[in-house]
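S.K.: Feature table excerpt (TrEMBL):
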| type | residues | note |
| --- | --- | --- |
| BINDING | B:109-116, B:191-195, B:255-258 | GTP binding site |
| DOMAIN | B:276-289 | domain 'SRP54-type proteins GTP-binding' |
Amino acid sequence: MAMFEGLAEKLQNTLKKLRGKGKVTEADVAEAMREVRMALLAADVNLKVVKDFVARVKERAIGQDVLESLTPGQQVVKVVHDELIQLMGGTTSKLNMSSKPPTVVMLVGLQGAGKTTTVAKLGLYLRKQGRRPLLVACDVYRPAAVKQLQVLGNQLDLPVFSMGTGVSPVDIARGATEYAVAQGRDVILLDTAGRLHINEELMDELKSIKSTVKPHEIMLVVDAMTGQDAVNVADSFHKQLGLDGVVLTKLDGDARGGAALSVKAVTGCPIKFAGMGEKPDALEPFHPDRLASRILGMGDVLSLIEKAQSTFDAKMAKEMEQKLRKSDFNFEDFLFQVQQMQKMGPLDQLVGMLPGMGKMKALKDVQFDEKEIKHVEAIILSMTPEERQNPQILKDSRKRRIAKGSGTSVQQVNNLIKTYEQTRKMFKQFADMRGKGPGKGPGGKGKGMFKLPFMK
Amino acid sequence: MTGFFNRLKEGLTRTRQNLVDKVEALVTGRTKIDDELYDELEEALISADVGAETSIELVERLRRKVKEQKISDPSLLQGLLQEEIAAILGGEAIPVNLGNQPTVILIVGVNGVGKTTTIAKLAHRWKQEGRKVLLAAGDTFRAAAIDQLEIWGQRVGVEVIRHQEGADPSAVAFDAVQAAKSRESDVLIIDTAGRLHNKSHLMNELSKINRVLDRAMPGAPHETLLVLDATTGQNALSQARIFGEAVGLTGLVLTKLDGTAKGGVILAIHSELQTPVKFIGIGEKMDDLRDFDPGEFAKALFGKEE
Ligand SMILES: Nc1nc2c(ncn2[C@@H]2O[C@H](COP(=O)(O)OP(=O)(O)OP(=O)(O)O)[C@@H](O)[C@H]2O)c(=O)[nH]1
Ligand SMILES: [Mg+2]
């Protein structure tokens, strides 16, 4: 699973041997840069972008006394991380708003990138900011694309402007502007059909929409799973239309998202939003720092930490780790974990932030929804302290009593015990993973591929 | 047939021609085989989404071969590398086995890769061959997904089994098998909602469809095809692995090869999982489907970007 090993760990290994060697040679640096290159390529950053990037990092690594420090591996990662954030630019999730409404926003991109869903999400997002958006169905080509937008608009109670599929998208866009003025809608979101950047006829169509309704913001919608071709696509759309921003979709998947870097590098446009799921509220402002960690295979550690910060204290974390190592993780700990996880958001999403976790079998069945968590709490609270601490004593009669006390069934109690076992195993696996690798030791700082918040 | 060939050209010639150009540019003007040439080949592969590791390994193999066979003519490298790639991809295209009555085909993949369109293309092809085709609208989740398949069904001229939006997709699948049996269909193709492979509950839903199909007709589905977008990078490997674990894949469909992306990641998929590519998509129309040709694909990987 070399692909999922964090760059940090790899560099650590490569550069470890340099320590105490006195002088770091060109060859050593080259070796470290090779690792950086491989990590970025595995994350789908475009080869040309990688080359420039590595050259810059190399310069910085040599320029400073990075490689002479005690932890050259971590230093290099830091330089790489910093440079990545730099390259992706600061945070901005603002759309160019016109002082004279309606503001026209046009979404463009390849087929299947997620434009229609993003239009709906943006509509919701803008309404929450007090705007009055109008969704416009300009995709007259893909079967049922108009219907798709109408259904979404209906669900969200947002107006959708459409003229069917017999009218040219240019006329629809024009009609929508007039309609918006008449209806007092202040933002128009144009959903255009997906198209290839090399399809001249369809690219010309976008140009005419542009010259007709003069959008204040043209956003390219890019699938986070896109590979090397992202530069060609972005470059071509940018040259032909002049982009203002980028939306990166499907970031709730396990792709590293290197395409973002490619797109930013060739267009210079800020990535403004990230699509994090199929639901209409799954649109977030884009965080360059998080994506940098993700590209480097360090997991979305920052997001995890941020989410966990308010709920965990260091001492508790230490205790939990001890328990895991000794494997005496009991129901009380389990309840605590479940409650923490609940505060941090859906486990699915949490786990998705960790690199390589899609493969972990144990996780597949560990899932909670809100109702279930209530049951979990009720069941565990119906156990005696002794039962909570020694789950193995839970025999049938006790289970029956617990089920009764918690208003659940014996089957639910059994299910919980099963889930608890799986969770225990899973945490054990995490702990083991962290324990592996060089430089471990009692109380040693974890530098494994990821940490759970309680494993500080 | 001229229309057919023209479109084939439109779709594929660009990549093929570019490939020839690029490799020729690589080898002409060189009198000897040097590291620079190997590096350029490696970079061409990486740029085609073959993946750094696989690319490096391929070029290593090429080096060994050149040494073993004492090759000194740089212009031979192109052919050698292509042979190597075609060999990894299995040499011959493997057709879909349509021997069952009905043959049940399940189509899966992440969001937006081209599942529904591919179903329309497959239905069109098999109908043209004189088979009786039935479709099942198993995407009950995405807004208007059912309507999308129905429109395709009308265009192609085949029937579609559907439930309401929000219905259980396994129930749709079950009913569709019953319908296919009673109508004596030759092929039943089942659409599913796009899903990201790291969402375990959605993958479980697919496994359930699989189980229900087997109950409705032992041995079904006879083919489970994962649709991959050629624009996808290294994540496609993860998709193939995890969809494979959940439902067991018999083949891949690589779509959107009419763009500038090359889909090189299928090389890694093929070497790790041995899942063959069965079809490619080269456009949005119902006749934009081709059998996969490993030789052609290997050549096209080196196509130059415009
Ligand atoms: N250029 C090109 N576009 C394609 C190809 N195959 C599909 N598409 C387009 O890709 C877009 C998405 O296709 P769909 O068939 O709806 O994809 P899907 O996988 O069913 O999508 P979901 O059900 O939403 O997950 C549509 O605009 C199709 O026309 C292809 O081979 N080439
Ligand atoms: Mg579909």
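Numbers here mean position along the shown chain, with the first residue as 1.
The backbone N, Cα and C atoms fix where each Cβ goes, and this holds for glycine too.
On a predicted model such as this, the values are computed, not experimentally measured, just so you know.
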S.K.: Quick one: of the binding-site residues B:G109, B:G112, B:K115, B:T192, flag those whose CB is under 6 Å from ligand 2, and say none if nothing qualifies.
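M.R.: Near the molecule: B:K115.
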S.K.: Work through the binding-site residues one by one (B:K115, B:R195) and point out the residue whose CB has the fewest other CB atoms within 10 angstroms.
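M.R.: Minimum Cβ neighbour count within 10 Å, taken over the binding-site residues B:K115, B:R195, occurs at B:R195.
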S.K.: List those binding-site residues among B:G109, B:K115, B:T192, B:R195, B:L257 whose Cβ lies under 8 Å from any Cβ of chain A, in sequence order, or write 'none' if there are none.
M.R.: none
S.K.: In the domain 'SRP54-type proteins GTP-binding' (B:276-289), how many residues does DSSP assign to helix, to strand and to coil?
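M.R.: Secondary-structure breakdown of the domain 'SRP54-type proteins GTP-binding' (B:276-289): 0 helix, 6 strand, 8 coil.
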S.K.: When you measure from each Cβ to the nearest atom of ligand 1, which of the binding-site residues B:G112, B:T192, B:R195 fall under 6 angstroms?
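M.R.: From B:G112, B:T192, B:R195, counting a Cβ under 6 Å from ligand 1 as near, the near ones are B:G112.
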S.K.: Tally every other Cβ atom lying within 10 Å of the Cβ atom of B:L257 (GTP binding site).
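M.R.: Around the Cβ of B:L257 (GTP binding site), 24 other Cβ atoms lie within 10 Å.
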S.K.: Over the domain 'SRP54-type proteins GTP-binding' (B:276-289), what is the model's mean pLDDT?
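M.R.: Across the residues of the domain 'SRP54-type proteins GTP-binding' (B:276-289) the model's pLDDT averages 96 on the 0 to 100 scale.
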S.K.: For B:R195 (GTP binding site), which DSSP three-state class applies?
M.R.: coil
S.K.: If you skip the near sequence neighbours and keep only those at least six away, which residues in the chain come within under 8 angstroms of B:T192 (GTP binding site), Cβ to Cβ?
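M.R.: For B:T192 (GTP binding site), the qualifying residues are B:L106, B:I107, B:V108, B:K115, B:G138, B:D139, B:P169, B:L206, B:I209.
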S.K.: Are there any residues at least 6 positions away along the chain from B:G109 (GTP binding site) with a Cβ closer than 8 Å to its Cβ? List them or say none.
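M.R.: Result: B:K115, B:G194, B:L226, B:V227, B:L228, B:Q239, B:F243.
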S.K.: Which residues, sitting 6 or more apart from B:G112 (GTP binding site) on the same chain, put a CB under 8 Å from its CB?
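M.R.: Once residues fewer than 6 apart are set aside, B:G112 (GTP binding site) is near B:G194, B:D229.
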